[in-house]
There are 10 protein chains.
Amino acid sequence: MTALTREDVTSMILSAKRQAGLTWEGIAEAIGMSPVWTHSAAMGMNAMPEDKAKAITETLGLPQEAALVLQESPTKIWSQTVPTDPCIYRLYEIVGVYGPTIKALIHEKFGDGIMSAIDFDMSVTRVENPKGDRVKIEMSGKYLGYNAW
Amino acid sequence: MTALTREDVTSMILSAKRQAGLTWEGIAEAIGMSPVWTHSAAMGMNAMPEDKAKAITETLGLPQEAALVLQESPTKIWSQTVPTDPCIYRLYEIVGVYGPTIKALIHEKFGDGIMSAIDFDMSVTRVENPKGDRVKIEMSGKYLGYNAW
Amino acid sequence: MTALTREDVTSMILSAKRQAGLTWEGIAEAIGMSPVWTHSAAMGMNAMPEDKAKAITETLGLPQEAALVLQESPTKIWSQTVPTDPCIYRLYEIVGVYGPTIKALIHEKFGDGIMSAIDFDMSVTRVENPKGDRVKIEMSGKYLGYNAW
Amino acid sequence: MTALTREDVTSMILSAKRQAGLTWEGIAEAIGMSPVWTHSAAMGMNAMPEDKAKAITETLGLPQEAALVLQESPTKIWSQTVPTDPCIYRLYEIVGVYGPTIKALIHEKFGDGIMSAIDFDMSVTRVENPKGDRVKIEMSGKYLGYNAW
Amino acid sequence: MTALTREDVTSMILSAKRQAGLTWEGIAEAIGMSPVWTHSAAMGMNAMPEDKAKAITETLGLPQEAALVLQESPTKIWSQTVPTDPCIYRLYEIVGVYGPTIKALIHEKFGDGIMSAIDFDMSVTRVENPKGDRVKIEMSGKYLGYNAW
Amino acid sequence: MTALTREDVTSMILSAKRQAGLTWEGIAEAIGMSPVWTHSAAMGMNAMPEDKAKAITETLGLPQEAALVLQESPTKIWSQTVPTDPCIYRLYEIVGVYGPTIKALIHEKFGDGIMSAIDFDMSVTRVENPKGDRVKIEMSGKYLGYNAW
Amino acid sequence: MTALTREDVTSMILSAKRQAGLTWEGIAEAIGMSPVWTHSAAMGMNAMPEDKAKAITETLGLPQEAALVLQESPTKIWSQTVPTDPCIYRLYEIVGVYGPTIKALIHEKFGDGIMSAIDFDMSVTRVENPKGDRVKIEMSGKYLGYNAW
Amino acid sequence: MTALTREDVTSMILSAKRQAGLTWEGIAEAIGMSPVWTHSAAMGMNAMPEDKAKAITETLGLPQEAALVLQESPTKIWSQTVPTDPCIYRLYEIVGVYGPTIKALIHEKFGDGIMSAIDFDMSVTRVENPKGDRVKIEMSGKYLGYNAW
Amino acid sequence: MTALTREDVTSMILSAKRQAGLTWEGIAEAIGMSPVWTHSAAMGMNAMPEDKAKAITETLGLPQEAALVLQESPTKIWSQTVPTDPCIYRLYEIVGVYGPTIKALIHEKFGDGIMSAIDFDMSVTRVENPKGDRVKIEMSGKYLGYNAW
Amino acid sequence: MTALTREDVTSMILSAKRQAGLTWEGIAEAIGMSPVWTHSAAMGMNAMPEDKAKAITETLGLPQEAALVLQESPTKIWSQTVPTDPCIYRLYEIVGVYGPTIKALIHEKFGDGIMSAIDFDMSVTRVENPKGDRVKIEMSGKYLGYNAW
């Protein structure tokens with residue numbers, strides 16, 4: 001008998017979501033977390049605390065072992081250095097075009113350091129606009145200043 | 001006699017800014033634009049409309065030819081497929097970790113499409129926080145739905 | 001019981017098309033769409049609206065679940081950065097040779113911006129010619145001007 | 001004394017064009033060729049026949065040696081396997097998304113073969129549209145069928 | 001029931017060839033084609049006309065469906081950008097060392113253009129030589145001149 | 001005082017050839033060697049024996065030091081793993097498509113081994129043809145069998 | 001008049017160090033910082049606080065402008081994805097071999113998170129050993145736990 | 001009957017560890033080795049001496065054949081040239097930023113040579129700190145001086 | 001019924017060797033060849049002459065079909081451009097560090113040419129040394145001089 | 001006044017060697033070292049001890065500062081991951097083909113470890129042979145066994 005893998009649990013979640021006709025927003029609300037974090041944890045890009053892991057497996061009717069897997073520290077892997085999907089590529093392009101600008105402004109506002117991608121959160125919202133609705137992405141990460149020793 | 005290049009103008013701007021002790025925020029205010037856009041246009045990642053090109057050359061005391069160069073459509077080039085600077089790499093990492101999540105939520109909120117990186121704007125702000133101040137990045141891009149024909 | 005994947009549905013379409021002796025032009029006509037869009041949606045490079053997804057599954061005698069899969073937003077992936085197939089490589093070569101030219105002419109005719117690859121359509125036709133028939137490819141995409149803010 | 005290089009001549013053309021306030025369409029008309037071909041030959045992506053090389057050097061007031069250089073067979077080089085400029089990247093993306101579709105339709109309409117990128121021509125035009133003007137790109141290349149021997 | 005793939009048919013051909021103790025030269029003679037073309041079509045690098053596809057399946061005792069697969073337009077894929085097998089690498093090396101020379105001589109003898117790799121044929125022969133026999137490779141491709149328009 | 005480099009000598013040869021209106025065929029004839037070898041040695045892809053190095057410098061009126069440089073063993077470098085120039089790319093494509101075929105036929109005619117790219121010669125000729133003249137490339141390399149010990 | 005660049009200042013430091021016969025340890029002691037940090041800041045991999053920038057320019061007799069450059073936030077760039085220098089490659093190899101182990105032990109001791117490379121310090125020391133002296137590298141970075149929101 | 005592979009044994013170890021609720025520290029203590037070495041040997045990045053291989057298979061209840069596999073010299077492979085997992089990437093970044101510094105200090109303290117990654121050991125510990133606990137990594141490798149002959 | 005592949009035969013050899021407790025040296029002696037050649041042929045990096053193929057299959061008790069497979073000309077493939085295993089990487093490093101030196105000395109001792117990797121043999125031996133035993137690798141390849149024609 | 005760089009010293013050595021008509025073997029003999037080590041140190045791939053650095057600068061008549069540069073620890077860089085020069089490529093090919101074999105035999109003769117590329121020496125000699133002279137390369141490196149702790 002083989003143990004459940006992360007990939008198995010991700011498949012189970014996607015399959016249960018489809019059958020139950022749920023949305024990520026709905027699942028996120030059911031477990032009391034944000035949609036961004038909920039989706040990324042379901043995809044194996046974040047580990048779940050015990051109570052959230054149990055909540056999602058109960059919400060979706062998954063086996064108990066799945067809750068254990070969801071609490072493990074995942075190895076985050078993406079295989080395309082440059083993503084090809086147009087929706088994801090546009091984000092990569094923004095980093096290429098505006099990355100040096102963000103760095104310069106962080107330096108101006110904070111000093112020599114970075115925005116953490118670990119102590120970090122994000123939201124995606126829809127903003128109505130008469131010229132065409134807009135996608136709004138808000139990221140917030142702790143400023144970390146370089147150490148001198 | 002050789003014509004001014006984009007690289008020449010970027011150097012002039014950086015040099016004048018240093019000598020005058022200005023900030024990007026200050027230059028942006030002087031020309032009536034946002035700091036993100038102002039920096040990226042100065043770096044050759046965006047073209048300036050005529051009035052803004054004139055305003056920045058006047059503000060910084062650059063030659064008139066510089067204003068012409070700043071209005072040209074730049075060829076946007078970044079040479080590192082994966083950026084090495086830690087501040088910029090963290091942004092790349094966010095795309096790798098959360099890119100599929102952003103795609104899934106755009107699909108859920110809008111349908112099959114993307115956030116434009118062209119009809120797009122962004123801001124970087126400092127948010128005070130007792131556990132350590134945070135960098136806030138807000139992006140807004142027009143939703144573009146895929147065509148079916 | 002495992003759910004149908006995009007790859008399963010693509011295989012079903014190719015298999016049914018072969019058995020029924022159909023052409024892409026024929027299938028496209030049957031569902032009232034263009035051959036380019038129909039083929040790309042069948043390959044998992046575009047999502048189908050509900051009515052078209054139902055039309056193609058009925059035309060080809062596929063199971064109902066296939067229609068659901070065809071409506072999902074696909075993650076567009078191509079694994080060869082430089083395509084090796086000679087027919088596709090020639091298109092890549094055209095981008096390499098004429099890409100800067102197309103950019104310069106868009107700039108001259110419209111201003112600083114791009115041709116959208118999302119709000120986009122294309123056709124492929126055969127043009128008779130005494131020196132040898134020619135392939136004609138017509139692309140049309142919405143002009144998107146860069147934002148200044 | 002060193003000979004003129006292709007890069008020298010390209011610089012001369014760009015510089016003279018700027019000073020004379022000309023457009024690519026204007027230069028093309030002056031030498032009786034299309035704007036796409038004229039720009040690509042000026043950039044060193046096509047060789048000019050003798051009369052056209054002389055016409056462009058006269059139009060722009062370049063030295064006679066430049067006309068010789070423009071007639072040489074250029075070595076076509078692009079240094080970015082995946083172009084970063086957004087305007088050119090969208091064309092690359094179209095090849096990735098629709099390349100297999102174009103191949104399938106060429107096969108259906110002609111047989112096993114390709115569209116030539118050598119016996120080839122192209123145009124870029126602006127099409128007015130109430131929802132936003134569109135860029136139209138038309139390519140035409142001779143069909144070449146694979147040999148069997 | 002799954003359809004035969006190209007890979008299945010290639011395996012069948014290799015297996016039947018081994019069991020029957022045939023050579024590529026022998027198979028080529030049996031179907032009235034050259035050994036180079038016959039091998040490459042068997043490997044999925046060329047499509048067969050109907051009569052040749054039938055001839056090879058009869059010669060090797062393959063099922064009728066195989067003849068249909070052999071007539072399809074294959075997507076030509078090689079996965080190693082730089083081949084590692086020494087016999088194939090030497091050919092790659094020849095392109096690296098002598099490619100610019102071949103280009104210069106084509107230009108000198110024909111004008112600005114290329115040797116087609118589509119309207120193309122090749123042979124491999126053994127030439128006796130007292131200092132050690134030699135491999136002779138002869139390639140012939142139609143000259144294609146660049147278009148000006 | 002700096003010594004002449006290979007790049008210097010290549011430039012001198014190209015410049016003298018242009019000024020004298022010579023062809024590669026003409027230069028090759030003047031030094032009693034083939035055009036392919038002559039061009040590749042001039043480009044720094046082969047070393048010249050003393051008499052040929054002297055002959056070419058006399059033919060083109062180059063300084064004596066150039067003859068020394070032409071006799072040195074060059075380090076053969078090509079910077080594009082996949083060549084972009086269409087004329088050279090077609091040769092790369094032929095290796096990708098027909099490489100395994102050439103290997104199989106060498107194996108069938110000689111045994112386990114390769115065609116040498118060192119004990120090697122090549123010619124490029126123009127073959128008249130009513131359907132369009134053809135480029136003929138003939139390569140000949142010594143067969144080298146793998147050692148077993 | 002052109003401004004000093006980071007590269008200029010690094011060259012000045014290396015040159016002054018050689019002429020004065022100093023060691024990194026000596027320079028570090030003179031400015032009251034560690035040798036690791038001092039060398040990396042001199043190489044442009046860390047920004048110096050004002051007092052340290054002044055101290056090093058005084059110690060080495062550099063111009064005042066150099067102290068300004070040393071305080072700027074550097075863009076950290078390394079051009080070899082896989083370093084070739086054997087001394088640096090061994091460190092890369094250690095990351096390849098022991099990276100997953102370090103991750104597993106951080107997870108076991110702290111939870112789901114990382115060791116910061118920003119709030120970070122390091123030392124290199126020589127440890128005497130009868131079987132051959134050893135290099136000891138000690139790294140210390142703040143633990144950062146992933147956020148859930 | 002197929003033999004056990006390294007991957008099989010790694011899976012067995014991970015599965016037994018999970019079922020027994022053990023930690024790497026606990027397993028390491030049980031076999032009398034360090035946690036770093038124990039984890040890396042379990043992952044196939046180090047070979048075990050016979051007694052340790054037997055000890056771990058007994059501790060975890062694995063079949064005897066597993067002990068044989070653990071003693072074999074593994075081929076150490078990592079597939080990502082640049083690791084994407086943030087925890088491992090930070091280590092890669094440290095090599096990029098501080099690699100040249102470590103090299104310079106080894107040179108200053110020892111002479112021209114390297115720190116061995118073979119005669120090497122490492123530990124990972126948790127250091128309490130009121131500003132947030134820290135990860136401490138200590139590496140020790142034999143100094144190897146370059147040979148001159 | 002499927003035919004044996006090279007991979008199957010390599011697995012059979014490794015499995016039989018393990019069960020019989022043989023060494024490569026022992027197997028090599030049994031078939032009257034060197035250990036280097038024997039191992040590489042067993043791994044699919046060299047073809048075996050008929051008698052040696054039969055000898056090894058008899059020595060290890062493999063099926064007769066295996067002897068046929070071992071006589072086929074293998075396609076030599078290695079998937080890591082830069083090998084990660086430390087033992088193999090060190091060899092790669094030697095090529096990087098000493099490759100240009102070997103080239104210079106071959107040129108000095110022989111003229112413009114190379115050491116063949118086809119008409120080639122090699123041995124690996126252990127040399128006792130009081131400061132630590134040494135690995136000795138001896139390579140011998142036929143000198144091949146470049147052709148001029 | 002700028003300091004001498006490694007590249008300057010390498011150029012001086014090559015230039016003086018050419019003018020004096022020396023060989024590497026002759027220079028090596030003059031300084032009492034081997035030709036392999038002498039050439040690699042001259043190319044910047046090894047550091048020279050003080051006496052050898054002085055000996056070579058005296059032998060070739062270089063300035064005293066050159067002797068200082070030759071004693072510095074060089075950063076060893078090669079820019080081609082896969083070397084293109086045929087003479088060097090053959091060595092790379094040998095690592096690809098025989099690397100796993102060398103690893104297996106080291107393991108069989110010594111245990112789990114590697115051949116050092118640091119405590120290492122090498123020679124290149126010409127071996128007469130009636131079938132064609134052969135290049136003999138002998139490498140010797142200290143065996144380093146993996147540590148267990």
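Every residue gets a Cβ built from N, Cα and C, even glycine.
Under the three-state DSSP scheme, G:Arg90 (active site) falls in the helix class. Cβ-based neighbour count (10 Å, all protein chains) for G:Arg90 (active site) stands at 26. The feature active site is assigned by TrEMBL to G:Arg90 (among others).
Residues annotated as active site in TrEMBL: G:Glu93 (among others). Summarising the environment of G:Glu93 (active site), the number of other Cβ atoms within 10 Å of its Cβ, over all protein chains shown, is 23.
Taking a C-beta cut-off of under 8 angstroms and a sequence separation of 6 or more, G:Ser116 (active site) has the following same-chain neighbours: G:Gly141, G:Lys142, G:Tyr143, G:Leu144. DSSP assigns G:Ser116 (active site) to a strand in the three-state reduction. The annotation active site is assigned in TrEMBL to G:Ser116 (among others).
Per TrEMBL, domain 'Cyanate lyase C-terminal' is recorded for G:77-149.
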Looking only at the domain 'Cyanate lyase C-terminal' (G:77-149), mean pLDDT returns 96
